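Peer 1: The following block contains the structure, expressed as C-alpha cells.
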C-alpha cells in the first residue's frame, strides 16, 4: 500500500482500518449471543441481519431512489447478494450453536477468503496477487490451528461439530457472495450507500418471516431484547456501514481476508468474558492470523488491492 515516492496511500489504508474495526465488532457477536441462551440461532441471525439490513436500506433511501435505474440494470447482482444475506445468518449462527463460538466463527470466516478469491478469479478474471495469497494462506492456517486447538480442548459432540463445520463452510461461501456482489455494484458505478442498501435491504426483508416465526424469545426478557438490539444496531448495522466503506477502497478478496481478525477477536472474548479456555496452540493460531493482517496492511499496492472510483455524490446516504 505504499504510494509512489514512498508515501503511504491513505485510500487503501482507510479501507483496511474500516474492515478491521468491522471485524472487531463482528467478533463480539458470538459472546453477545451467550447472554441470551434461550434465543435460538435462527432468531439471533434473523434479528441481526434482518433488522440491520432494513436499517441499511432506510438510511440509503435517497441514494436508492437516485440510482434505481442503475440498480435495475444490475438486478441479478443485487438478487445474488441478497440471497447471500438471507442464507448467511442462519448458517453462521447455527454453526456457532452446533460447533461452538470459536470453531463456528473460525470455519465461517476462515473459508470466506478462499471463496471470495475464487469468485473474483472465475467470474471477473482477477489475478490473485502474491501478497494476497501469502496473507490468505497464513490467515487460513492460523484459523485452522485455532480451530484444531479449540476442538481438541472441548468435549464436543462429534456429529454436532461436523454439522457445525459444514454450516460454517456455507456461511463462508455466502459471506463471500454478498461481499463480492456489493463490491461489483460499486465497481460498476453504483454508490456505496445504494449498493449496500439494496443488497442488505432486500436480504433483510427476506429474513423478516424467519424473525416472525422464531423471534418470540427475543421479547421474553429485557436482557434478550437488549442482545437482539445490540446485534442489529452495532455489529450488523454499524459494522456493515464500515464494511461498505472498506469495499470502496480495497477488493472484496482483501476485505474478506482482513475479516480473519474476527475469529481471533471471538476467541479472545470467549476466554476473557465467557470463561472458555484457550490452549497455547490456540494463541499460536491467533498469532498467525495477526501476521496475515499485518502483511495485508503493509503490502505494496497491486491488483489485489484496487480502490474503486465511486461517485462522491452517490456515496452519501
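Just so it is clear, glycine is given a Cβ too, placed from its N, Cα and C backbone atoms.
Unlike curated entries, TrEMBL annotations are predicted automatically.
Okay, these came from TrEMBL:
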type	residues	note
DOMAIN	14-146	domain 'EamA'
DOMAIN	163-296	domain 'EamA'
TRANSMEM	12-36	transmembrane segment
TRANSMEM	42-64	transmembrane segment
TRANSMEM	76-93	transmembrane segment
TRANSMEM	99-119	transmembrane segment
TRANSMEM	131-152	transmembrane segment
TRANSMEM	158-178	transmembrane segment
TRANSMEM	190-212	transmembrane segment
TRANSMEM	224-243	transmembrane segment
TRANSMEM	280-299	transmembrane segment
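Burial and contacts for the listed features, if you can.
Peer 2: Per-residue confidence over the domain 'EamA' (14-146) averages 87 (mean pLDDT, predicted model).
Sequence-remote contacts of a segment are chain residues at least 6 beyond its ends whose Cβ falls under 8 Å from one of its Cβ atoms, and for the transmembrane segment (12-36) they are 1, 44, 48, 93, 96, 101-102, 104-105, 217-218, 223-224, 227-228, 230-231, 234-235, 238-240, 242-243, 245-250, 254-255, 258-266, 268-270, 273-274, 293, 296-297, 301, 305, 307.
Outside the transmembrane segment (42-64), and at least 6 residues removed from its termini, the chain residues within Cβ reach (under 8 Å) are 29, 33, 36, 71, 85, 88-90, 92-94, 191, 193-194, 196-198, 200-205, 207-208, 210-211, 214-218, 227-228, 231-233, 235-237, 240-241, 314, 316-317.
Sequence-distant contacts of the transmembrane segment (99-119) (same chain, at least 6 residues past either end, Cβ-Cβ under 8 Å): 27, 30-31, 33-34, 91-93, 128, 132, 136, 139-140, 143-144, 146-147, 150-151, 154, 156, 160-161, 163-165, 167-169, 171-173, 175-177, 179-180, 252-253, 255-257, 259-260, 262-263, 266-267, 270, 274, 276, 278, 282.
Below 8 angstroms of C-beta separation, residues 80-85, 87-88, 91-92, 94-100, 103-104, 106-116, 119, 151, 199-200, 203, 252, 256 of the same chain, each at least six residues beyond the ends of the transmembrane segment (158-178), sit close to that stretch.
The list of residues near the transmembrane segment (224-243) in space but at least 6 beyond its ends in sequence, with Cβ under 8 angstroms from a Cβ of it, reads 18-19, 21-22, 25-26, 28-29, 32-33, 35-36, 38-39, 43-44, 47-53, 55-56, 179, 196, 200, 215, 217-218, 255.
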Peer 1: What counts of helix, strand and coil residues does DSSP assign across the domain 'EamA' (14-146)?
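Peer 2: Helix/strand/coil tally for the domain 'EamA' (14-146): 115 helix, 0 strand, 18 coil.
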